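Note sheet for the following structure.
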Amino acid sequence: MSKPLDDFNRRMTHGDALGPATNAAESAAQPYLDAQRRSTAPTGGGSIEFGTTISGILLLVGIVLFAGGAYALETLKEGAALMGIAVLILSGGLILVGGGGLAVSCFRALGSVRGIRDLGLATIAGLLAWWFAPWFGFVALLLPHGLLALGAAALVLVVTARLR
């Protein structure tokens, strides 16, 4: 027969992994475990913070939609051109949310060597995209060079976040 203090300590150490309580000592430990779990539960806030991958994907989708909306606005007539305006508005929201989330992720990444390396690679990709933007032809006409550079940097950040 085991000792009650040992049962209590075992329940406190292993928690619910041991299954339901089998004796009075384990039952006595359960309220302490429940209180700890309640005190460490995350509180709900108004944050819409995303990780690097989701923010980068939102930003890239926004940039692609921006290019499609600009193309529709420039080449199509009447109703289709109005749809281009609607797509431009939608893409602007995606770019704001994705870019803001990516900026927060980048600020958090400054604390580690890997994060600084990833930001350096993203900066290089953005500068190269900015420099080569006039030679991209069709895309360069529809997108501002800054969005093209931001898209290249976001793509690098998404890829490096997925490789971790």
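Any Cβ shown, glycine's included, is placed from N, Cα and C.
TrEMBL: automatically predicted annotations, no manual curation.
It should be emphasised that the depicted structure is a prediction, and the values quoted were computed from it without experimental measurement.
What TrEMBL lists as transmembrane segment is 54-73, 79-107, 119-136, 142-163.
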- [ ] Mind checking which residues of the chain, 6+ beyond the ends of the transmembrane segment (54-73), have their Cβ under 8 Å from one of its Cβ atoms?
- [x] 80-81, 83-88, 90-95, 97-102, 104-105, 139, 142-143, 147-148, 150-151, 154-155, 157-158, 161
- [ ] Residue list, the transmembrane segment (79-107) vs rest of chain: Cβ under 8 Å, 6 or more residues beyond ends.
- [x] 48-52, 54-63, 65-66, 68-73, 115, 119, 122, 147, 150, 154, 157
